[in-house]
Amino acid sequence: FLSVTEELVRRRAEHNNCEIFSLEEISLHQHEIEKLEYLDKWCRDLKILYLQNNLIPKIENVGKLKKLEYLNVALNNIERIENLEGCEELKKLDLTANFIGELSSIEALKYNIHLKELFLVGNPCTEFEGYRQFVVATLHQLKCLDSKEIERSERIQALQNYPEVKQKIREQEQAYLLNRAREKEEAQRRMQERKDKKQKQMESKLGFDSSDSLQNKENHQAEGDREQETWRTVEDDEEDRRFWEEPTPYTPESRLETHRYIEEKRRAKDNIRESKKREKPLQTLVTAEGKVLNVNVPKLHFSLKDDEENNQIILDLAVYRHLDTSLLDVDVQPTYIRVLVKGKPFQLVLPEEVKPDSSSAKRSQTTGHLVVSMPKAKEIILAKQKVSTSIKDSDCNTLQKNARSGQVEKLEVDPSKYSFPDVTKIIQKKEQIGQGPIRLQPEMITETKKSYVDFENNEDV
């Protein structure tokens, strides 16, 4: 069974910097808690405690919470009111939709002199004849019962008829407790039947396996593997249908049984999912023959651009914007690039051989994209300016020799041999005069140009 743990309490105490000794309010609803403990030792200063929608069968281990003012244990499996005498400051108690049939147990609340509001809606005891009169007459300090204010006249009338009402309540209570005893026996029998049925199923499977010969096993193994998942699903559906359609009384046992059944199914699904993960084959990135494959397991958009101007190949990979860079691993090889995104491989064969050592990887601060620049292994000669088609043979030979030697030499052209007029000198340069508050400063412009290390002025642009 699940109980209150220190880790759970600290996690729910975020508003108090995870400190639990000085905690005044905590919400532990919908945590499938089956036993209430430790809170009276860890959180002595609690004033508000929310425990609704759990599986708590008994109010316990809250008696030392002297400052507790509001306790909410709605939608649990509580059958009687007890162990609240020590909660001296208790003002509001919510027991909505539990299984309280022992109505006389409310007499334990006489000691909670500050109790003003009590909620018992949805409990079996509310169907008893004279329920409200009994509660009003028993707890004199109450101001409100089940969201309805208690009038003075109502209390006087309840006190006048108290002996008769009390006798009626006792009789109905006894009848209810006898019925509950039968329900408990029925629930015990049903649980035993389920256990026996499971045991028989296990034995029949084991018996079939032991009596089956090795040859039959080999023959049936292939089709068994194929049909196993489908058969399991059909069997599960049939079991689900029987479980949910079978009429059962609404009792603490049936509620607990339903929770156990759902938990069992969830675990079985998790186990199947885990086994499938383990059985999943490793992604093939390079074939046995050494052929590199294109793979995109993370399913990311990408673009591969051939930057001829800078003689490089650029890969733009649309990595998730908020993904931490430590979860990326880039590996550039001469013929392909591999990027691991959270362990999932992205691999792409490159159209041309590149230099891995000169490659660089950067991430965009706005989009999060990964941009990998990979210089090509084959260098090309780029002219700085356009050259006329009539180039001397000697110049071509010089270019070929330089290319063989690996040196890149930029061409120089005689301006006197231009076949077109120089349009840059048509208008004479005038002195720049600032107008208004803005003053042009040529000196500053030249300085900014010098600050670019890789800046290269291109006359054609």
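Backbone N, Cα and C define each Cβ position, glycine as well.
What TrEMBL lists as compositional bias 'Basic and acidic residues' is 183-203 (among others). Here the compositional bias 'Basic and acidic residues' (183-203) has Cβ contacts under 8 Å with residues 248-249, 251, 253-254, 257 of the same chain, all six or more residues outside its ends.
Positions annotated as compositional bias 'Basic and acidic residues' by TrEMBL: 215-245 (among others).
Across the domain 'Dynein axonemal assembly factor 11-like CS' (255-376), the DSSP tally of helix, strand and coil residues reads 28 helix, 45 strand, 49 coil. Under the heading domain 'Dynein axonemal assembly factor 11-like CS', TrEMBL lists 255-376.
Annotated region 'Disordered' per TrEMBL: 183-251, in sequence order.
Within the model, the domain 'Dynein axonemal assembly factor 11-like CS' (255-376) carries an average pLDDT of 86.
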